[in-house]
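Trainee: According to TrEMBL, the protein carries these features:
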type     : residues                                            : note
REGION   : 1-25                                                : region 'Disordered'
COMPBIAS : 14-25                                               : compositional bias 'Basic and acidic residues'
TRANSMEM : 35-53                                               : transmembrane segment
BINDING  : Gly41, Ala43, Asn48, Asn312, Leu377, Asp380, Ser381 : Na(+) binding site
TRANSMEM : 65-87                                               : transmembrane segment
TRANSMEM : 108-130                                             : transmembrane segment
DISULFID : Cys146-Cys155                                       : disulfide bond
TRANSMEM : 196-214                                             : transmembrane segment
TRANSMEM : 226-250                                             : transmembrane segment
TRANSMEM : 270-294                                             : transmembrane segment
TRANSMEM : 306-330                                             : transmembrane segment
TRANSMEM : 365-386                                             : transmembrane segment
TRANSMEM : 407-430                                             : transmembrane segment
TRANSMEM : 436-460                                             : transmembrane segment
TRANSMEM : 481-502                                             : transmembrane segment
TRANSMEM : 514-536                                             : transmembrane segment
Amino acid sequence: VTMANNQPPTTNATRKDKRIERDENRGQWKSKSEFILSLLGYAIGIGNVWRFPYLCYRSGGAAFLIPYLLMVILAGIPLFYMEILIGQFSSTGCTGMFRMTPLLKGTGIAQVVVNAYCVCYYSVIISYPIRMIFYCFFKKVPWEDCSNSWNTDDCVTASDMGKQNSSDVFKTSADEFFHLEVLRISTDISDLGGMVWEQLTALIITWIIIYFCLMRGIKSVGKVVYFTVPFPYLLLFILLIRGATLPGAWKGIKFYLYPEWHRLLDLKVWADAAVQMFFGIGPGWGGIVNMASFSSFRNNAKCDSVLIVSINVFTSLLAGFVVFSVLGFLSEKSGIPVESVATGGAGLAFVTYPEAIALLPVPQLWALMFFFMLFLLGIDSVFVQLEAIMSSILDEWYWVRSHKCKLTLISCLIFLGLSSIMCTNGGMFILQLFDWYSSAIAVIVICLVEIIMVAWIYGIKNFMLDVEFMLGKRPTLYWRIVWQVVTPVIIIFILITSIVFIRTITYNNIPYPQWAIIIGWASCFTSVMWIPLYIFYIMIRKRATLCDSLKKRLKPLDWTPADPQDRAEYEAFRRQRRMPGFMSDTDMESSK
């Protein structure tokens, strides 16, 4: 059926056959629900709780939902759907997907590097809730008053905040607890200080949990997500009901959603909506492609994409109600307006929310539920990112497949070692630096390369044919327009505004020195640089003339389904449509 039948046998063809055989043995999800749950776990993370609600309040309340939903519909869903289709069709992860256009394989390497940076700092973020859970078993939660050894003279409890003059310098008891006891934070990033051993212990526990969940790849992840994905929703609903019954809750919710329509004229609001869409849904990291590569070939990917993205948007909105109902209560109790207590990021999760919880009866119970929910929301994202890195290694060097457990263990130990620097006194400054610079712009560049590759280099016509063969139905004209024109334009807009509006990084009002900002930008550059470097490498090691070499590598290499039967049907399908058979073309060229 393939060209091997009428082509003299070559070592090159043998190598391809090996690759196909190896793809068959990658594994598959046991059921569709495992696939959906793992993608939900990946797409829904801590950012839905600590970033979206604050961004929504800051950017015009309900008015912010207009640019946000537009971005989700015109860029989020098309990218998500496209990545699921790529993974499902080719059964390969981040590096293998670029067989579609081999010249751009550097983009796959860039995805692996971005994931590696993110896994390092994200594992530390999800180790903070483990630390906080430990304190929930004390007789009284230690952040509720100022009578602890770490408190300073500037300490004020939440209920006394409203009694302070605006000129007074004060820190809340929860703020001092998190920064002076949990982090034992240094003065700035240049002062690393010593190791916070309790924090390192929490990080080791986190990595042990990650290892046991990932030990058998998607077989174990498929089982774990049945608990880690639905359970946070149960906790969210319990916290929502508790929050909504508190005095002042509706004041907070009104603040969260009160529409300021004039903000729609502010370009920054649109840029914020676009960036939130990107990090809320998670295209460009390779995780979606990788999870879809274990899916069944004929799976209806469109329904999955719309469902997962819709649940993601719903979760962000729901988390906003959970957060702002409690902030309204905090405002009521402390006598300080909601806008003064509202924060985003780590400050919301580990300072402001615990502060409000401390004012409730039995604060230990509510704190335990909240931190356990944060941990579960975060850990699924690490599963998928780490699995994406490991699948890329396995797809490149298939002999490693028989040592998957060892590879998982070595990866976990390496990432534990690398992330341990963030458990020092100055660790939070390093964490924020990488969170701020390493992935934001890099992922947008990767998405831009991806969509240009699919819509313009490989060709939208070819891609539509692939989807038609796989799903038995050609995507409508709507998908052709968004993939070819609308989404690329939006991604270019997001890239430009992200660079233009990037703010100078500070943490806890402490500015970063210039050398640290250079390191931050370097972390972004070290992932993106693989895209041009790989093109340059191909140009250097060209066998034909430069022009022929580049032309050849802009054509697909072995871009066919993994299963031999699907592959044979696909070749026949392309012949019937009078389209060139990609496998055959590249085989003939490379065996000349």
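Glycine too: its Cβ is placed from the backbone N, Cα and C atoms.
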Trainee: Please give the sequence-distant neighbours of the transmembrane segment (65-87): residues at least 6 beyond its ends with Cβ less than 8 Å from one of its Cβ atoms.
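Mentor: Apart from its flanks, the transmembrane segment (65-87) reaches 56, 93, 97, 100, 264, 269-270, 273-274, 276-278, 280-281, 283-284, 288-293, 295, 301-302, 304-306, 308-309, 313, 447, 450-451, 454, 463, 466-467, 470, 479, 482-483, 486-487, 490-491, 494.
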Trainee: What are the sequence-distant neighbours of Cys146 (disulfide bond), meaning same chain, six or more residues apart, C-beta distance under 8 angstroms?
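Mentor: Same-chain residues close to Cys146 (disulfide bond) (Cβ under 8 Å, separated by 6 or more) are Cys155, Val156, Thr157, Ser173, Glu176.
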Trainee: Near the transmembrane segment (196-214), which same-chain residues lie under 8 Å Cβ to Cβ, leaving out any that are not at least 6 residues past its ends?
Mentor: 123-124, 126-128, 130-131, 134, 182-184, 220-221, 224, 379, 382-383, 386-387, 390, 408-409, 412-413, 415-416, 419-420, 423-425, 427
Trainee: May I ask whether the transmembrane segment (365-386) has at least three C-beta pairs under 8 Å with the transmembrane segment (226-250), counting pairs 6 or more apart in sequence?
Mentor: yes
Trainee: List nothing but the one residue from Ala43, Cys155, Leu377 whose Cβ has the fewest other Cβ atoms within 10 Å; the candidates are the recorded positions.
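Mentor: Sparsest of the recorded positions Ala43, Cys155, Leu377 by Cβ contacts within 10 Å: Cys155.
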Trainee: Would you mind checking how many other C-beta atoms are within 10 angstroms of the C-beta on Asn312 (Na(+) binding site)?
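Mentor: There are 24 of them.
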Trainee: Within 10 Å of the Cβ of Ser381 (Na(+) binding site), how many other Cβ atoms are there?
Mentor: 24
Trainee: Determine which residues of the same chain, besides Gly41, Ala43, Asn48, Asn312, Leu377, Asp380, Ser381, have their CB within 8 A of the center of the CB atoms at the recorded Na(+) site, and list them by sequence.
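Mentor: Nearby residues not in the site list: Leu40, Tyr42, Ile44, Gly45, Val229, Thr315.
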Trainee: Does the transmembrane segment (436-460) make contact with the transmembrane segment (270-294) through 3 or more Cβ pairs under 8 Å, each pair 6 or more apart in sequence?
Mentor: yes
